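Visitor: Shown below is the structure under consideration.
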Amino acid sequence: MFEAAEINAEHKDLIHDVAYDFYGNRMATCSSDQYVKVWDQIGNEKWTLTSSWKAHSGSVWKVTWAHPEFGQVLATCSFDRTAAVWEEIIGETPGPGERGTRHWVRRTNLVDSRTSVTDVKFGPKCLGLQLATCSADGIIRIYEAPDVMNLSQWTLQHEITCKLSCSCLSWNPSLTNNHPQMIAVGSDDNTAQTGKVFIFEYSENSRRWMKIETIITIMEPVHDISFAPNLGRSYHILAVATKDVKIINLTPIKDNSSIQSGLTKLDVQTVAQFTDHTCTVWRASWNVTGTVLATSGDDGCVRMFKMNYINSWKPVTVLKGDGAVIPNDAHRGSIASSTGVLTPPITQTASYNDSGSMVRNGVNYTLKPTNCPQHIPPRLFKRIRQSFNSI
Amino acid sequence: MSTISVLQEGPVNALALNKDNSQVAIGGRNVFKVYSIEEDCFKEICNLRASKHLNLSFSCNDVAWSSTDDNYLATAATNGHVCVWNLTKSGKAMQEQVYQEHKRTVNKVNFHSSEPYRLISGSQDGTMRYFDMRCKAAVATFLSNTESVRDVQFSPHMPHTFAAVSENGSVQLWDVRRTEKCIQQFTAHSGPIFACDWHPEATWLATASRDKTIKVWDLTTSKPTLDYTIHTIASIGHVKWRPQRKYHIASCALVVDCSINIWDIRRPFIPFAAFNEHKDIASGVAWRGDSQVFLSTSRDCSLIQHSFKDASRPASKANIQALDISTKGNTLFGMRVPVSTNTTKPTGLMRKSSTSTISDQFHQSASVLHQFTHVSVCNDLSSFEFLAKNYILYGRSFPEMCEHNAAVAKECGKSNISTIWKIVNTMYGELYVKIQAMHNNGGLNLMNNVDASSTEKKNNDVVGEAAAAQFSSADDDVEGEDQVDHTAVANGYHTYNKYGHPKGDFSFGENELDLELDALSIDYRNGMRNQNQLQQQEDWTLPNEAFNIRHEIRDRSPPPEQFPNNNSPDFNDDSHSSTVDEQPTWLVSVSKIPPMPIWDPSASLIESLKHHAEKGDVQTSVSVLIVLGEHRKNLKTLDENTVTHWLMGYIQTLERFRLWNVKALVIELAWIPSISQMNQQSTRINTNCSQCLKPLQRSGWLCDRCHSTDASRCSICHQVVKGLYVWCQGCSHGGHLMHMQEWFSKNKQCPTGCGHLCEYR
């Protein structure tokens with residue numbers, strides 16, 4: 001059961017992306033009005049606007065959080081052909097008991113693209129601080145911050161040409177060294193009659209990113225692409241938002257040729273295809289365990305899909321964008337006859353809250369670490385260490 | 001009209017259309033030509049640089065075409081000359097007038113829209129000059145008091161007024177009859193203004209600047225008002241209002257952006273249309289009288305006629321929806337909503353055409369953002385947290401942990417996970433160990449194979465019943481008698497009962513333990529056993545065994561094709577549990593117990609763990625593996641990479657839920673070096689003595705130099721803290737965690753009385 005609450009984001013134009021942070025207590029929104037806003041959830045109820053700034057000189061397409069181990073870090077990409085990395089800075093505490101002001105500083109501006117940067121994503125944490133961008137001219141760029149404590153230094157490590165205009169990308173979030181680094185890229189090109197989803201893999205042998213697969217069954221423009229979090233599967237699941245929702249299983253095949261070339265061969269299988277939206281599907285997003293896929297389309301609905309115990313994907317929930325919740329009873333399709341409990345949308349005004357409860361460094365108590373180190377994210381530790389050294 | 005283009009020998013700086021829009025003059029440093037615009041090509045009419053006596057006055061910064069007399073062109077030359085060209089003449093005579101009055105390069109020339117012969121120029125020397133083509137010298141000179149004038153434009157509404165913009169960011173309005181002082185002056189931008197354009201109908205002046213903005217000023221009142229600001233991605237070099245579209249304006253950038261953008265000033269963030277044909281930055285734009293066609297020149301040496309139908313629409317590629325799911329399963333969804341169109345529109349000047357549907361909707365863009373919060377009490381994610389917190393993974397005996405964890409899982413409604421724990425307990429509990437021991441000792445051959453046909457069944461049932469008995473030991477009244485019978489017969493098993501009772505201090509579930517579940521677990525086991533034995537059947541050899549090959553298995557319970565889901569009703573089927581009741585028929589006839597055919601449950605267990613992991617539930621897989629402890633070595637076919645993957649997955653999920661203690665525990669209990677090493681990373685902290693600032697190297701609490709333990713004393717009890725120490729980063733006082741917690745539950749100030757308002761969270 002879902003309860004809907006409207007958040008008055010007060011963006012002056014379309015909101016193009018929202019992103020929860022790692023824990024789900026903060027979120028960032030970005031809009032065509034060139035602003036990025038960061039919100040904090042106090043307790044379990046209200047989202048309060050804590051930061052809002054003009055991030056770019058063009059529409060901000062995407063916003064994404066880095067793993068909190070690297071601090072409070074955001075990346076954005078924009079129509080203005082740049083991608084930027086932002087870090088939240090907590091200012092000097094004005095007095096005892098008061099909180100320092102928080103603001104976001106642009107740590108770097110990645111200006112390599114000659115066209116609109118359509119997507120930006122941080123790589124899996126185990127790879128350090130890596131950032132992938134893709135742009136409308138079909139170039140995928142991989143950046144790396146060699147020193148995770150210095151977010152202003154990023155080096156362009158790889159440039160992969162994809163030929164078609166790229167609209168979205170997704171890192172394979174797999175956590176093991178079983179699988180090499182992998183990126184899936186989707187194209188929104190609507191002229192070429194070719195596959196629109198490309199899988200790239202980092203080859204340790206050649207130290208380059210290589211295209212290992214083009215999913216030729218998807219010829220329609222792709223608007224969003226997303227690897228499911230892989231906590232323990234032997235294969236990868238990719239969700240693609242095109243004119244419908246596609247769920248694709250990518251199973252690595254171990255054979256001689258793949259061992260020789262050092263590149264993974266994939267068995268590509270479309271395991272589910274949903275036309276429930278009956279129109280263009282814009283977004284696809286996974287829950288943290290990779291068991292529920294949410295998609296949204298021009299019909300203004302969020303639809304959720306879940307895999308049942310015999311490994312087949314089934315629609316489970318429909319949420320209307322206007323806040324209504326439609327339970328998925330036996331008669332799918334009869335969405336109009338909604339019997340769901342309609343919660344009146346709660347409008348909340350954005351206001352700056354000065355008594356935020358973000359647990360970050362600043363004036364707070366932390367544990368003495370020698371005994372119980374894992375209680376605090378490592379990054380915090382480094383900070384503590386620094387601050388202690390300076391005493 | 002389609003997109004056509006023609007290449008020049010050099011970069012083009014400017015273009016000008018004649019009054020009926022059939023011809024175009026282009027000018028650059030090395031280019032000065034007039035083309036007629038045909039249906040599908042440009043036709044060169046005249047090359048004004050054909051003359052042998054070329055000088056700097058032939059190189060143009062700007063070109064203007066008289067709007068009253070089609071034969072007159074004016075150019076702004078780089079050497080500061082303003083030239084007037086008569087197209088009816090030829091050769092040197094074409095250059096009818098050369099005004100050598102500006103001291104520096106001339107940036108712009110502009111003909112008066114109604115008065116023939118009148119033109120104005122703006123120069124880098126900061127002056128503007130007003131010419132009458134019939135006179136040899138300027139009629140008037142205007143001093144802008146700025147370093148340079150970048151653009152001058154006659155107003156279409158006020159016949160004697162022109163606007164001039166300067167590099168210092170100011171806009172001036174002049175009356176051509178008053179040379180001494182401008183009518184109006186205001187600062188429009190924070191950087192140089194490169195261009196301005198009067199709206200053909202409204203009283204707007206658009207200004208374009210290096211500060212990456214285009215601003216639209218309403219100049220009806222004495223004080224100019226800023227009506228619109230467009231934020232662009234680069235410095236703007238030129239702007240031109242689109243005819244017949246009140247709110248549209250074309251712009252080209254001075255750097256970075258090679259495209260020509262058409263903006264709807266009401267949506268100042270994203271271009272309404274973009275033309276990307278140029279390879280280098282565009283230098284000039286001229287509309288061909290109507291809203292659908294315009295011409296442009298560029299530094300890439302080309303002259304292009306653009307047709308609006310070939311435009312790209314950046315907004316159409318934009319993602320109109322936003323979606324994300326949080327750790328807690330909440331969903332954020334932002335989507336475009338139609339804006340109510342009954343807002344009062346300024347009428348009169350706005351013209352509607354048949355193609356205006358897109359433009360009408362274009363500027364009305366807004367999104368709503370909703371959060372859908374998971375409110376159901378029991379969902380996968382809340383139970384994850386509950387299980388993670390309540391599982392016991394170490395410190396007790398194996399059966400105890402299994403029992404406890406099974407009960408915990410059951411408490412939060414996860415009966416399938418609960419069953420797994422029970423099965424694991426049965427398979428690897430004391431019972432299993434005994435069997436294995438027996439097997440290893442060559443087997444206690446207490447009985448012969450009396451009834452071959454029932455052996456299989458018996459084996460099934462012995463183990464199955466034992467398990468059932470063990471499960472039901474919490475409520476003995478159900479199957480107590482069977483249990484006793486069994487204990488008597490299967491004398492190898494009499495010990496199990498002792499371990500069957502949970503020793504832990506938790507007794508929940510005792511009354512809830514439903515029979516169905518027990519029956520269900522037996523079914524699992526039977527199913528799995530059968531499956532397992534079927535597998536073994538294929539390569540069944542008898543290297544040491546002293547008994548005959550048994551007959552084919554009578555497969556009574558079909559092997560389950562899937563690991564059961566707790567929602568599946570099939571497993572409550574009574575047909576399987578009935579096997580339990582059949583025992584007495586053979587129990588009495590048995591005189592010897594056959595050697596326990598050792599059945600290795602590992603394959604099944606691995607399969608079930610894998611099943612859970614693939615379903616996204618690594619928690620179960622990892623927890624079972626941890627609790628299994630030494631038994632893990634039996635799971636030989638489970639490779640380390642997979643297990644590492646599961647552990648990493650579980651640890652990451654715990655991080656997301658901020659379950660740091662559980663995470664630390666899992667890492668500590670992990671048997672794979674790469675995981676257990678995670679606890680040793682970034683865990684060092686260096687402390688200095690609070691008295692002498694010497695780094696404390698030997699121990700964290702005693703200073704070698706001043707032999708003080710001040711740094712590590714608890715502010716409350718004044719004892720040296722060994723173990724958990726918390727301190728305030730603001731005043732650096734601290735102490736025992738418990739003491740601090742207690743203190744700050746009542747107080748806000750530091751316990752030492754230093755006056756610092758510590759923040760304890």
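Glycine is treated like the rest: Cβ placed from N, Cα and C.
Unlike curated records, TrEMBL annotations are generated automatically.
So TrEMBL says this about it:
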- B:711-759: domain 'WDR59/RTC1-like RING zinc finger' (DOMAIN)
- B:554-582: region 'Disordered' (REGION)
- B:99-141: repeat 'WD' (REPEAT)
- B:142-184: repeat 'WD' (REPEAT)
- B:186-227: repeat 'WD' (REPEAT)
Visitor: Do any residues, 6 or more residues outside the repeat 'WD' (B:186-227), come within under 8 Å Cβ-to-Cβ of it, and if so which ones?
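Guide: Here the qualifying positions are 150-151, 153-157, 163, 165-171, 173, 233-241, 243, 246, 249, 251, 254, 263, 265, 349.
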Visitor: Any idea what the model's mean pLDDT is for the repeat 'WD' (B:99-141)?
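Guide: Overall, the repeat 'WD' (B:99-141) comes to a mean pLDDT of 89.
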Visitor: Per DSSP, how many helix, strand and coil residues does the repeat 'WD' (B:142-184) have?
Guide: 0 helix, 21 strand, 22 coil
Visitor: For the domain 'WDR59/RTC1-like RING zinc finger' (B:711-759), jot down how many residues DSSP puts in helix, in strand and in coil.
Guide: 12 helix, 11 strand, 26 coil
